Amino acid sequence: MYSRDSWGGPLEINATDSATEDERSRNLQDVDRAALSRPLDETQQSWLLGPGEQKKKKYVDLGCIIVSRKIFKWTLGTVLFAAFLAGLIALIVNTVPRHRHKHPPPDNYTLALHKALMFFNAQRSGKLPKHNNVSWRGNSGMQDGKSSDHSAAIKDLVGGYYDAGDAIKFNFPASFSITMLSWSVIEYSAKYEAAGELEHVKEIIKWGTDYFLKSFNSTADTITTLAAQVGLGDTSGGDSPNDHYCWMRPEDMDYDRPVTECHSCSDLAAEMAAALASASIVFKDNKAYSKKLVHGATTLFKFSREQRGRYSAGSSEASIFYNSTSYWDEYVWGGAWMYFATGNSSYLKLATAPGLAKHAGAFWGGPDYGVLSWDNKLAGAQVLLSRLRLFLSPGYPYEEILRTFHNQTSIIMCSYLPVFTSFNRTKGGLIQLNHGRPQPLQYVVNAAFLAALYSDYLDAADTPGWYCGPNFFSTDVLRSFAKSQIDYILGNNPRKMSYVVGFGNHYPKHVHHRGASVPKNKIKYSCKGGWKWRDTSKPNPNTIVGAMVAGPDKHDGFHDVRTNYNYTEPTLAGNAGLVAALVALSGDKGTSIDKNTIFSAVPP
């Protein structure tokens, strides 16, 4: 007889087998032990066990994977519990009254920054963008540079910025303004971003650099001519209509606006090169535009070196309004920016040449030593090159002169502190960097920027402070100085007057500014017809938001009188320094400077 073997093969049973029942039982036990000497899978176990004796499966087949039944149960339970818990939390959130955690309100420096940048919108010349956001301004100066009174290389000078309360475009202080704005963006782009102003300030910079590229043949490698100015302001020649004699809205100008050119203007060309070079770092992500700016800067700096001379020496206009005392400081300043923009060591070699520094006044001090302005950039250049030593330390052959600049920067910072007597202060605490002369604020904001910036440099270099002689001062002292000066400008002064228009409740209402003082009422006032708006005691009909006026006198006195520009006139250069100082002090102190962006083009 044949039967089915439970292991899968036939099993023959011999009926005549004489083995006893005990022997068969013993043999089966031996077979069991042999079979179970190796592990059996579940299928094999099921064969050995009867139908009612099968073990419960330990695994669950999910189709794509097989998982342990225990793990499966835990996972399923966890998911269901999490879903229940999420639903419970959602129910609680929807039923319990909400208490929203508001972000802390912006600090005064950030609030003032928003306004200070708007001043540049109000100063724009040319065809204005739709989002200019100054309701009383319109297109103006649309024929600038299109006459035949200048070289053929300059075909169009529409655009740029009006300098102050007039409609003249002075390229020397305007270039310095754009350089200062670019420097502040390179160092504090994160703070501009946090304030929501990064794109705005970049637009402001580009409006200036686009215009500068028109002021010479920017596609050429070599030039012989540069536009220095559009419009005239000298009224000593009689009653000829010009930008100072006439008092009218820029949109209504109908008089000639001649172009002043220069052929030997090292200071102007080097400063304009600094503006384009620094802006090329701001726009480094726009490679085509950045490259265009670098090429223009290279052409300008070459021109500044080949055609030596002060731009104001051959111009009565420039010598009256923006006289340049030297071009050596622009060589150091412009050379430093050219090095950062290109990485070309020949520019660093020039900027650190001891002879150049000596001519710039780096070694002899003087009453204006350490005062950064549109005329003298030496203090800014020294801080900029100290930065190079702190973070990159290029070593020989630059180390000796860089160490000298670094030491001089420390001396400059010491001179800003109240414990030293380099500069007097008003009773209200305003430092007198121009020694009591009018229009002090433009110098104060530049010093506040340098102090806050150098403080941040030292912090980023893990340096707690610096020495003034034997005395050690912490970086907080520098920042306190910067804050005290900006706080004075924003209203913490004996008159409780904010010198930034539109900030606070008490600010100048009679700003020396044609566009702000002549109403936009569809009436075109003639050159002399607008004089009544100049001379009226009524407040300006248009608020020029963010304009920092010239400032108080050395006794903290201020006269809010439109005809006295020494008190009430704002300028591009002044507001550029203000913006730089405000962004340096704004926001969270934990937001440090950008240590590396300025070195993007510098080789390792």
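Placement of Cβ uses the backbone N, Cα and C atoms for every residue, glycine included.
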Among 1-26, 235-260, 521-546, indicate the range for which TrEMBL gives the feature region 'Disordered'.
-> 1-26
Just name the winner among Asp560, Glu569 (the active-site residues) by count of other CB atoms within 10 A of its CB.
-> Glu569
To the nearest whole angstrom, what is the C-alpha distance linking Glu569 (active site) and Asp560 (active site)?
-> 10
If you measure His512 (active site) to Asp560 (active site) at Cα, how many Å is it?
-> 9
Neighbouring C-beta atoms (10 Å sphere around the C-beta of His512 (active site)) = 25
